[in-house]
């Protein structure tokens with residue numbers, strides 16, 4: 001994944017919502033330069049918060065995107081809160097048994113802030129929502145699938161952490177869009193039901209690793225996970241429960257690298273704390289919707305929405 005910044009979610013989002021009043025450039029190379037150590041290229045004294053100078057040692061986990069002190073923070077934007085609320089509700093609904101909705105969360109929030117910042121901001125929301133989802137499906141999950149998928153996912157997360165400095169921001173934006181595009185196009189164009197398969201070890205380890213990597217990148221682990229699990233044709237609640245427990249473990253494991261990369265800053269956690277409330281309520285709404293909403297209609301709407309957002313992100317990446 002691209003640059004997991006140590007900047008706050010509010011400051012990071014300014015790159016999408018407004019043009020900085022002072023020029024910014026990346027800090028020195030290496031891990032610090034990758035995770036978003038930004039320094040003021042001109043008039044550093046005008047910058048709000050902490051701005052490290054080039055070569056000033058370790059990141060410290062608190063370097064932020066430089067901005068003029070009189071510029072509005074992204075959390076003061078109505079657009080940001082509309083997108084953040086929508087993302088939180090989708091996260092909660094996913095944990096309530098509607099897994100496809102979770103695919104929309106990062107792409108929607110990425111419309112108002114960099115995808116890597118959106119991923120870091122939403123992780124605490126995912127973790128708290130997972131707690132409710134795990135309780136709801138505590139008696140409905142497939143143990144064999146979890147035993148196969150989780151080791152692969154941990155390896156995928158480790159790979160994402162180790163190689164993330166090689167991936168630029170534009171690649172991250174395009175990757176999130178491409179994952180959503182391929183997944184939604186497959187759902188819309190597929191005319192035949194794939195043959196039923198069992199929980200094989202080798203494919204499970206592979207797709208678990210891919211799911212862990214893409215989940216680390218942008219919380220987009222659902223497509224590779226579903227490539228492996230859907231052909232097994234698990235019973236509906238068992239599928240939902242297995243999905244919920246798998247990603248609960250994945251999200252818990254991601255806390256370590258996200259913390260190390262500065263994504264779980266106090267600023268991010270403050271915003272996430274607000275979003276946890278609607279996300280938690282959406283878990284129970286998701287449980288209700290699973291029972292009363294026609295499944296075909298609901299997933300058709302979600303799939304078309306995912307396709308539209310994904311195309312927007314691909315265009316954004318191509319335009320630079």
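Every residue gets a Cβ built from N, Cα and C, even glycine.
What TrEMBL records for 78-98 (among others) is transmembrane segment. Tertiary proximity for the transmembrane segment (78-98) is limited to same-chain residues at least six positions away from its ends with a CB under 8 Å from its CB atoms, namely 13, 17, 104-106, 108-109, 111-113, 118, 121-122, 125-126, 129-130, 132-133, 136-137, 237, 240, 244, 271, 275-276, 278-290, 298, 302.
Summarising the annotation, TrEMBL assigns transmembrane segment to 104-126 (among others).
Positions annotated as transmembrane segment by TrEMBL: 146-164 (among others).
If you look at the transmembrane segment (170-189), the same-chain residues 6 or more away from its ends with a CB under 8 A from one of its CBs are 1-3, 103, 106-107, 110, 114-116, 214, 217-218, 220, 222-223, 226, 299, 303-304, 306-307, 309-314, 316-318, 320. Under the heading transmembrane segment, TrEMBL lists 170-189 (among others).
Annotated transmembrane segment per TrEMBL: 238-259 (among others), in sequence order.
The annotation transmembrane segment is assigned in TrEMBL to 271-290 (among others). Among residues of the same chain six or more beyond the transmembrane segment (271-290), those with a C-beta under 8 A of the stretch's C-beta atoms are 9-10, 75, 84-85, 87-98, 101, 121-125, 128-129, 132-133, 136, 240, 298.
Marked as transmembrane segment by TrEMBL: 296-315 (among others). Sequence-distant contacts of the transmembrane segment (296-315) (same chain, at least 6 residues past either end, Cβ-Cβ under 8 Å): 98, 100-101, 103-104, 107-108, 110-111, 115, 173-174, 176-181, 183-185, 187-188, 289.
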Lying 6 or more residues past either end of the transmembrane segment (146-164) yet within Cβ distance under 8 Å of it, the residues of that chain are 1-2, 4, 34, 199-201, 204-217, 221, 225, 228, 242, 245-246, 249-250, 253-254, 257, 260-261
Residues from the same chain, set at least six apart from the ends of the transmembrane segment (238-259), whose C-beta lies under 8 A from its own: 4, 95, 97, 99, 102, 120, 123, 126-127, 130-131, 133-134, 136-142, 145-146, 149-150, 153-154, 157, 160-161, 211-212, 215-216, 221-222, 225, 229-230, 290
